[in-house]
Amino acid sequence: MISSLHRPTVARVDLEAIQANIDKIQRHLPKKVKTYAVVKANAYGHGAVAVSKAVEDQVDGYCVSNLDEALELRQAGIDKEILILGVILASELQLAIKHQLTITVASLEWLELAKKESVDFSQLHVHVKVDSGMGRIGVRSLAEANQLISILSDMGVQLDGIFTHFATADESDHAMFDKQLTFFKQLVEQLDKRPALVHASNSATSLWHSETIFSAIRLGIVIYGLNPSGNSLSLPCPLKEALSLESRLVHVKQIQAGDSVGYGASYVAAEPEYVGTLPIGYADGWTRNMQGFKVLVEGEFCDIIGRVSMDQLTIRLTKAYPIGTKVTLIGQQGKQVITATDVADYRGTINYEVLCLLSDRIPREY
């Protein structure tokens, strides 16, 4: 998708804030360990290449979701380790080897398919994924893990690491978390052959569960300045939200009592009022259910009225602002702030989703 560079809607990304967030988190950790920056999903909407380059001196490697995300970083000249967290097609192994990418191996069935590929397995770097209770991908028993590692060794593969992922690390109830941690610890301790790198810590566990820090951590949403729990748990160190979302008024008018605005005529004015139009809509990731939420105009909150359209939305203004007036959808104006978590709470979702949904139509400025 082509970025819409010729309309006044933009996501501004503060790379220095991301750098500062990483520094604060690393100083908070009880020990120095290998650090991966998680830049999957276009760095949670912040721009994978720009973020990866900005933090290159602070991290040991990167985590992405799939092969294409890894290739994007390599093609941008990023040469540090890249771990693909998802499962790639066995038929794509040669690409992973060619670009020196580390892949995840999650099952014996996949490994049998991989063995059929004509590649130099001695050049392949892998981490084994353990499903300790998340229920997505990974080996689910010590026997399966030992068998998989044995086959990988026989193939001559570079077995670099083993890892798991927690389902409830950002929740106050620790029962499921404790169950997963115990399972993973016992499995790792009993392996016939233990890889050098062991990691289980994502953003939430790095902040609130230092007992999960083995020899590496994977820092995701926290480096972008957001709380993994939303507002359920307090951050142990202050972070700065790195992304702000701005647009500008492209049309301003006065409507009268009884006039309607938007699809379905779902908003009807009760009295004369000023209405402004912004060039951003649900095709940009600002979803239809944001009707009734607020934006900031000159430091004052203004309501979104009418349904959010594909490309535009309308707001109720306190006066007739001139065309070109800046409007903040996420970020700070004056003393007022709208956070991605505020948006998420209104939508009934999580701050991760809010940022990841911001489409490529919105240019990122650094």
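Placed from the backbone N, Cα and C atoms, the Cβ positions cover glycine too.
Here is what Swiss-Prot says about this protein:
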ACT_SITE  K40  active site, proton acceptor
ACT_SITE  Y263  active site, proton acceptor
BINDING   R136, M310  substrate binding site
MOD_RES   K40  N6-(pyridoxal phosphate)lysine
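M310 (substrate binding site) and Y263 (active site, proton acceptor) are 11 Å apart (CA-CA, integer value).
The separation of K40 (active site, proton acceptor) from R136 (substrate binding site), Cα to Cα, is 17 Å. The CA atom of K40 (active site, proton acceptor) is located 26 Å away from the CA atom of M310 (substrate binding site). The secondary structure of K40 (active site, proton acceptor), as reduced to three states from DSSP, is helical. For the recorded positions shown (K40, R136), fewest C-beta neighbours within 10 angstroms: R136. Under 8 Å, Cβ to Cβ, and six or more positions away along its own chain, M310 (substrate binding site) finds G281, Y282, A283.
The Cβ neighbour count for Y263 (active site, proton acceptor), using a 10 Å radius over every protein chain in view, is 13.
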